[in-house]
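Visitor: Just lifted these from Swiss-Prot, have a look:
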type     : residues                               : note
REGION   : 1-44                                   : region 'Disordered'
BINDING  : 289, 296, 297, 333, 342, 343, 344, 463 : substrate binding site
ACT_SITE : 465                                    : active site, proton donor/acceptor
ACT_SITE : 660                                    : active site, proton donor/acceptor
């Protein structure tokens, strides 16, 4: 622009790009009602009228001027760049739902039987002329955008067509990066404590009171939360100390008054007042209905967060894990009082390393200190949790999921265990609720029920709740998944001690070790895993029942965790790809287990969500990484395309849905899961605002394997087998198809 030239005042279209975040796109600057001066969307368009009054023009010809119709066909040429003027958001939403949402679930999907078209006004004509929005995808995006606009209090909006027909791959990536992660982020502080402390999972009088338990050695946190409760008595917040030694008996005693467990906080100084206050580190939760920090979910979500450059949140979750190990003795299933005895699959070393690298690596002294604190905590967890009774099996030298605990898990539905309890209630001639109270109080002793709950708690600790692979036996299984993770701990600790800490580290107990010590532990575990878990004939790593001294034969996708951890030999990896993979590779990626291993499903033996035909993001991501590490990048790419296809297909056809798990055998409605708890992320009205944590990560990570050609195929929802069939030979090689 020439100097001295006045700058043209921007129109709405010039202020924001069509893919900006909702707070910008639907912010005050784009509200047509708040424009201080007329712009091209608020001025009335006039029509040129040529009358036949001039003798010059009428000489020999009569000009019949046709009025341009209100259906703005002239704009079709600019399709994709148009802007729509919605002058009444509420009314348009009502019309859209009445016309298109024929099943009344506040979503527009391929199952609705509406006309799949809606007339909306154009922005250039101030809504005078109209165009058609057609098809399930655009109409469902319109529903989503109008729902968001309404949530922002907007009565009128200018909508870019580009936002409605956005490439689905780009749209889902954008939503995950700029909206879903933000919606899933939590932080425990004065403003949020009441909402986060509230617990909907436990239905007892004591659970209705928001309550937080603070570790014995955290007086600053205790005073902080006491101050929170005093500053706002309406919160009705209870603040309580935990004892220095936490026993299963004490944990059970808290079940009538369950509460949130405090997490890591840091001191911040107010730049205005100069006063210091505590602020909780941020973390993300698995889904919108959760408020707790979960164990292995956090690692898998951190992978996506780091790729989206949200390092502060990933770092915050590592800080919370360090805090949990220091004060609660372990990384918890989640930070609620009834989880104090239960851990989850351990991923801390890899998580800390990945954050460290994004945090500046060894060039950043703060990052080095962070890494050291994380690994000292990991060593404590390794020794005191996984290599100690009751989880460590001395005979095999391997570890099991085997948490402590007494009585019924309080976070379950009241009638969840009625079937198993009925015969015991009848035996004692009492009702099921009465028996439950008697059992929890220790008034009756039932060894069979004790063992049932032992394995039930172990299944929950494994993260795979539930599966017939683990049911009624989990606490006795040295699983391939857990022992792969512990091998990774040993290798990671050896690497970090050697590379960053001068080959020496002193742990919480004052014991100093070197990298060779940890390498030796890893070598021993690798030998034992091969001895007890590897089956050369089938190409699977199985689990080993330490109670009866026998290897199982349940085909599970967790076999690939051995490749993720790097413990498999190249020959074992080759065998897994040749023999195990064909049994687990389905239309939409890896299935949790084979149909043969799962067995027959009946009324008395219903589906389990971690079994066939369901696929889970953790299994996909760990397998992709493992296969890639062993030179099977093409196989990883093929599996990633299959998984991304399912996600994209459901996202396009079902109103932007992103769910916890998918049926990897179905190409039409893969999000539909009937097993056990249903499917988290499916129950929303108008717009999905969070997705599901580790599934969000899987989409971000899976796309790293895709080139432009594959992304276009995904955007068109091209079925994997059709996509693979029509590839050129060089492309087929990239997917290990030839």
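The backbone N, Cα and C atoms fix where each Cβ goes, and this holds for glycine too.
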Visitor: Work out the three-state DSSP category of residue 297 (substrate binding site).
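Guide: In three-state terms, residue 297 (substrate binding site) counts as helix.
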Visitor: Can you tell me the CA-to-CA distance separating residue 333 (substrate binding site) and residue 465 (active site, proton donor/acceptor), as a whole number of Å?
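Guide: Rounded to a whole number, the Cα-Cα distance is 12 Å.
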Visitor: Taking the Cβ of each of the recorded positions and counting other Cβ atoms inside 10 Å, which one has the highest number: 297, 660?
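Guide: Selected residue: 297.
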Visitor: Among all the protein chains here, how many other CB atoms are within 10 A of the CB of residue 343 (substrate binding site)?
Guide: 25
Visitor: Using a 10 Å cut-off, grab the number of neighbouring Cβ atoms around the Cβ of residue 289 (substrate binding site), all chains included.
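Guide: Around residue 289 (substrate binding site), other Cβ atoms within 10 Å: 12.
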Visitor: Can you tell me the CA-to-CA distance separating residue 289 (substrate binding site) and residue 660 (active site, proton donor/acceptor), as a whole number of Å?
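Guide: Residue 289 (substrate binding site) to residue 660 (active site, proton donor/acceptor), Cα-Cα distance: 13 Å.
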Visitor: Restricting to the same chain and to sequence separations of six or more, state which residues have a Cβ under 8 Å from that of residue 463 (substrate binding site).
Guide: 295, 296, 344, 345, 618
Visitor: Where residue 342 (substrate binding site) and residue 660 (active site, proton donor/acceptor) are concerned, what is their Cα separation in Å, rounded?
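Guide: Here the two Cα atoms are 22 Å apart.
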Visitor: Please classify the secondary structure at residue 465 (active site, proton donor/acceptor) using three-state DSSP.
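Guide: Going by the DSSP assignment, residue 465 (active site, proton donor/acceptor) belongs to neither helix nor strand, so it counts as coil.
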